[in-house]
Amino acid sequence: MWIETKTEVEEASRSRAGFSRRVLDGLMLCTGDMEHLDTYIQEKWFVLQLAVWGLRGVARVILANNPLSGALILAALYWASPWQGLLGTLGVLASTLTAVIVGQDSGDVAGGLHGFNGMLVALLMGVFSSAGDWYWWLLLPVCLGSAACVFLSSGLTTLLDHWDLPAAVFPFNIIIVLYLLCTGTNSPYFPHDPVTPPGAVEPNDTALIAVEVIRGIPLGVGQIYATGALGPSLLILGAVVLYSPLLGIHAVLGSAVGTLAGLSMAVRHDSLYSGLSGFNGALGCMAVGGLFFTFSWRTHLFAIASAFLSAYSDIALSNLLGTVGLPACSWAATLIATLMLLLTGSLAGYRIPIGQVKAPECNLRSRSQWEAGNTEERESTDV
Amino acid sequence: MWIETKTEVEEASRSRAGFSRRVLDGLMLCTGDMEHLDTYIQEKWFVLQLAVWGLRGVARVILANNPLSGALILAALYWASPWQGLLGTLGVLASTLTAVIVGQDSGDVAGGLHGFNGMLVALLMGVFSSAGDWYWWLLLPVCLGSAACVFLSSGLTTLLDHWDLPAAVFPFNIIIVLYLLCTGTNSPYFPHDPVTPPGAVEPNDTALIAVEVIRGIPLGVGQIYATGALGPSLLILGAVVLYSPLLGIHAVLGSAVGTLAGLSMAVRHDSLYSGLSGFNGALGCMAVGGLFFTFSWRTHLFAIASAFLSAYSDIALSNLLGTVGLPACSWAATLIATLMLLLTGSLAGYRIPIGQVKAPECNLRSRSQWEAGNTEERESTDV
Amino acid sequence: MWIETKTEVEEASRSRAGFSRRVLDGLMLCTGDMEHLDTYIQEKWFVLQLAVWGLRGVARVILANNPLSGALILAALYWASPWQGLLGTLGVLASTLTAVIVGQDSGDVAGGLHGFNGMLVALLMGVFSSAGDWYWWLLLPVCLGSAACVFLSSGLTTLLDHWDLPAAVFPFNIIIVLYLLCTGTNSPYFPHDPVTPPGAVEPNDTALIAVEVIRGIPLGVGQIYATGALGPSLLILGAVVLYSPLLGIHAVLGSAVGTLAGLSMAVRHDSLYSGLSGFNGALGCMAVGGLFFTFSWRTHLFAIASAFLSAYSDIALSNLLGTVGLPACSWAATLIATLMLLLTGSLAGYRIPIGQVKAPECNLRSRSQWEAGNTEERESTDV
C-alpha cells in the first residue's frame, strides 16, 4: 500500500508540478518578445494582424516589444482618460496603416516600429491641447501628425543606419515640436498652452513634500505616456515588468535618478511631483541597462550614468525650449541613448546590434551564442 | 496634272512639316538641360562660359538647369527691381568665380551648382536690407556672403555624399541666417528689419479676400526669388515651363498646397497674399515630383505629401525663427526634400541617383535604359 | 705656433658650437610633439604619466601637443587667477581619469585627447559663476561636467570618424551650454550671470580707443583659456610658439582678423578690448594654417579665410545665443574648422589625415615621405 500511496503522492505532486509548470510555461509565453505569436497570426485576418502590430507599437514606446504589455498599457491609458486612450489608439493605427500604404518594410511594421512614434504624437497633441477633451477637430492633426512620423522614421533610419543607430523617438520629438510651433498659443483651430520651463521661479516658495517627491518616481514611468495618475502609471510599470523584470527595475531606478537630478537643480516642485523630472531618466536608464547592451554590473553603472545625463540634459533642454514655450519631450533621453550607442571603450563591448535586440533576459541568454557566430557582422556594423 | 499637283501639295506640306519640325527641333533644343550647349561653348572665351555657367546657376535656384530659363528669370528680376537684378547677377558671379578660384570640380561649376546659393544670398540680403535700393555698401557683404556659400556647399557635399544627398540650398539658408544674426536690426552699417512670423496676431482682423489668396499662388513661384510682383512671377513660371512643363505644373500645385496649409493654420493674411506661404510648398513639390524621382502617379502623390510637409514645416520654422526676428527662408523645403530622398519603401524605387538627375521628361525617357545598366551602381549608392 | 693657435681657436669654436648645438638640441627636444617623452615615461609611476597626459591635455586646448607648453599655460592660468588654475587642473584630471575608467583608447588618453574638453568646461564654469572665487560647491559640477565630456568625446568621435573628422571641442561646447541652461541665472546653488551678446546696444556710445583694440589681439589668444589679462595671455602665446612658431603666428594673425571682423560689424567695445572678438578667429586660423593642413601659401590664404568665417560666425552665434543669455563659446571656430576639413578642391590636397597630425613644422617635413607611402590610406579615409 505504501508503495502505491507513494506513487499516488508522486503522481499527484507530479501532476501539480506539471500544472504549475504549464502555468509557468503559459506565463513565460506571455513575457519577452512573444515571437511565437507572429507565426500564429501570419495567416489570420488583416484586422487581427493590425491589432497585434498596433499593440506592439504601444509597448515599443517604453522599449518593450510585447503585445500583451501593449494591451495593458492601452488599458491604463483608457483608465486614466478615455479621450487620451482614443487618441493613442488612433495615432498608433494611423501611423501603422500609413507605413503599410507607403510600402515600408513589413518586418518593421509587424514589429510595431512604425506605431510608437505616431502614438506618442497623438497622446501629446491631446495633452497640450487647451480645447478640452472630446474636441473632435483634433483628430485631423492627430492622423496627419501620426502619418508624418512614418516619413521621418523611414528617412532617419536610412540616415542613422550607417552607425547602426535606431531612429528611436526622434520622429515623435520632431513632429510634436513642429506641431506646437505651427499652431502656436493663439491658434483659432488648435490652441495650446505654453509650457512652463522647470527652472522657472515659483510664485510662492513652499517647502518640498517628501512623500509627493517619492510618489513622483512611479509617476515618472507613467509620464512616458503623458499620464500623471498613479494607478495607470503602476499598471504601465506592471506591463514593463511583464515584458522584462530587468527593464522594469531600470525604469524605476532611472525615474529615481531623474528626480534626484531635479532636486539638485532645484526645479519647480510641480515637475518633481508630476514625474516630469523622472521620465527622461527612466528612458535613458532603460535603453542602456539591458536593452541595447547585454546586462552586467558595468552596463548597470553606465545605465545610471545615462540616467543622470538624460535627466540633466532634460532640465537644460526644457529651460531652453521653455523660452519659446515649447516642451523638451523626450529629446534628452533620445539623444543620450544615441550617444551611449556610439560610445567606444568598455561599454561598446556589450553593445547588441540593433537588429538583434530582444528582451534583456533574452539578450543575456543569447549573448554567448551570438558572440561566437556574429563577430564578423559586428565588425562590419562597427565601421 | 493631278499627280504633279499632288506631289506639289505633298512637297509643300512636307516643307511645311519640315519647317514646323525644324521650329519644334529648335524649340526642343532650348528645353531640358541643353547639354549640347556645353560642347558648343567649350572652346569659347572664358567670359561666355562664365555667362552660361551663371545663367545655369540662376535657373538652378528653381531646380531647373537651362541657361535660357536662367536668362528669362534674370530678366524677370531686372523687371521687378533693377537693384535686385544687379545684386542677383553679382551674387551668382561672385560665387561661381570663387568656386573657380578655390579649385572646385569644373563639372559642378559648369553646371551652375556653385552659383545658385550665392545668388539667393545676394537677393535675400537685398530684400531684408532696410537701407533702401542702391545702397552701394551692400555689395561688400553680397560678394563675401556669396563667396562663403562655395565653402559651405563644398563641405556639405562631402558630408552628405555618403547618402547620395545634394547640398541643395542649405548653404544659402545657413549664410543668410548668419548674416542677419551678424548685422542685427540696429547695425550702423547693414541694418535690416526684423521678420514678422506668420503666426503673429494681426492688428485688425479683416476678412480674407479670395482673389488675393488665389493671386498668391503664382506669386509663390516668384517668392523663390524673393519677388512679390505678379508679372515677373509669371515670367519665372514660364522659364520653369520652358525647362520642363512637368516641373512647372508641380511648382503651381505646390504653391497651391502651401497656400492651403497656410489657410488651415490661419497664418497672417499678408503671408497668403504675398505668396510667402506657397514657395516652400512649391519647392518641396518640385523636388519630389519629377526631378529627383521618376514621374509616376505614386511619385505625384508623394510630391503632394512633400508639399504639405514643407508648407507646415515652414509655418513651424517661421514661428520659431520669428521669435528672434529671423526668416525661415527655404529651410523647410530643403529639409523635407532631403528627407524624401532618404525615404525607404515604395518611393525609393523611383529615386534617381543625384549624378544622373536631368529634366523630369528626360528622367522619364532614360529610366528604362538606366534601370538596365546601372543597377549595380544604385546598390552601391544606396548603402 | 700659428698652426697650433688656429687649432686651439678651432677647437674652442668647435666646442662652443658643440655647446650651442647641444643647447639647441635640448631646446629642439622641448619643441614639437615631444614624442620621445612618451617612451621615457612609459614604465614610470602612474602619477607621473597622468601629469604628462594632463599637461598634454592642457596644451591641446590651443591645438598644441606638448607637455612643456601645457605646463607654461597652466602657470599662466595660476598667475591670472589661482582659483581658475585650480579649476582647470581639476577639470583636466577629472576627465582624463574618467577616460581611463570607462576604458577609452590608451593612446588617445596618453595624447591628452580626453583632457582638453574637461579643462575648458571647468574653466568656463568658473568664469560664468557669479558666486565668486573659492566657492567650493562648484567643484561638484566641475568634476561631473568634465567627466561627461569623455562620453560626448567618445560618441562624437565614432560619429565623425567616417569623414576623418576630430571631435575637437564640440564636447566642451555642448556641455557648457547644457550646464548654463541647467542652472539658469536664478539657480540657488550654481548661479551665473546672463551673457551680453556682442551686438547689444551700448548704454553710452564712446569713441573706440585704438591702443585698447590692438591690446585685444594678444588677449584674444588668452581668451581661448578664458583669461583676460595681458601677462598670462602673452605667456600662453609663448607656450604656443614653443610648440610651433608657425602656429603662434597664425594665432596672432587669427586674433587680428577676428578683431577686424568685430570692427566691421560694430560689436560692443568691450568685446574688442577683452579679446573676445579675436579668439574664435585665432582658433579657426590655427586649425587650417599648419595643423590639419600642410603649410603653404595657399593653406595660409585659406587660414585667413577660415579666420574671417570663424569670426563672423562667432558674432552671429553670439547674437543668437545671447537672446537666451548664453555664450557662443568656441562653437563658431569648431564648426568652421570642421567645414574646412570637409572642403574639396585645392585645399583638400593639403589635408593631413587626423591620425598623422603633428606640429606644423613636423607636418611640413614629413609630407613628402607621407605622400609617397600613404596614398592608398588617404583614399580610403576620403570616401
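Note that the numbers count up from 1, one per residue, in the order the chain is shown.
Quick reminder: no glycine exception, Cβ is built from N, Cα and C everywhere.
Under the heading transmembrane segment, TrEMBL lists A:58-79 (among others).
Positions annotated as transmembrane segment by TrEMBL: A:85-102 (among others). Residues 50, 53-54, 57-58, 74, 77-79, 108-109, 112, 114-123, 125-126, 138-139, 142-143, 145-147, 149-151, 153-154, 225 of the same chain lie 6+ residues outside the transmembrane segment (A:85-102) yet bring a C-beta within less than 8 angstroms of a C-beta in it.
Annotated transmembrane segment per TrEMBL: A:109-128 (among others), in sequence order.
Taken from TrEMBL, the feature transmembrane segment covers A:134-153 (among others).
Beyond the transmembrane segment (A:165-186), the same-chain residues lying 6 or more positions past its ends with a Cβ under 8 Å from any Cβ of the stretch are 61, 116-118, 120-121, 124-125, 128, 141, 145, 148-150, 152-153, 156-157, 192-194, 321, 325-327, 329-331, 334, 337-338, 341-342, 354. Among the features that TrEMBL reports, transmembrane segment is placed at A:165-186 (among others).
The list of residues near the transmembrane segment (A:206-226) in space but at least 6 beyond its ends in sequence, with Cβ under 8 angstroms from a Cβ of it, reads 61-62, 73, 76-77, 80, 84, 88, 123-124, 126-127, 232-234, 236-237, 240, 251-252, 254-256, 258-259, 263, 269, 272-279, 281-283, 330. What TrEMBL records for A:206-226 (among others) is transmembrane segment.
Residues or ranges marked as transmembrane segment in TrEMBL: A:233-253 (among others).
Remote same-chain residues near the transmembrane segment (A:273-294) are listed as 62-63, 198, 209, 212-213, 215-224, 228, 233, 244, 246-247, 250-259, 261-262, 267, 300, 302-304, 306-311, 313-315, 328, 330, 332-334, 336-337, 340-341, 347, 350-352, 354, 357, 360, 363-364, 367 (criterion: CB distance under 8 Å, separation of at least six residues from the stretch ends). Residues or ranges marked as transmembrane segment by TrEMBL: A:273-294 (among others).
Among the features that TrEMBL reports, transmembrane segment is placed at A:301-324 (among others). Under 8 Å from some Cβ of the transmembrane segment (A:301-324) lie the Cβ atoms of residues 177, 195-200, 250, 253-254, 257-258, 260-262, 265, 267, 277-278, 280-290, 293, 331-333, 335-337, 339-340, 347, all in the same chain and six or more residues away from its ends.
Summarising the annotation, TrEMBL assigns transmembrane segment to A:330-350 (among others). Residues 160, 163-165, 168-170, 172-173, 224, 279-284, 287-288, 292-294, 296, 298-299, 302, 306, 309-311, 313-314, 316-317, 382 of the same chain sit 6 or more residues outside the transmembrane segment (A:330-350) yet have a Cβ under 8 Å from a Cβ within it.
Count of Cβ pairs under 8 Å against the transmembrane segment (A:58-79): among A:109-128, A:134-153, A:233-253, the largest is for A:233-253.
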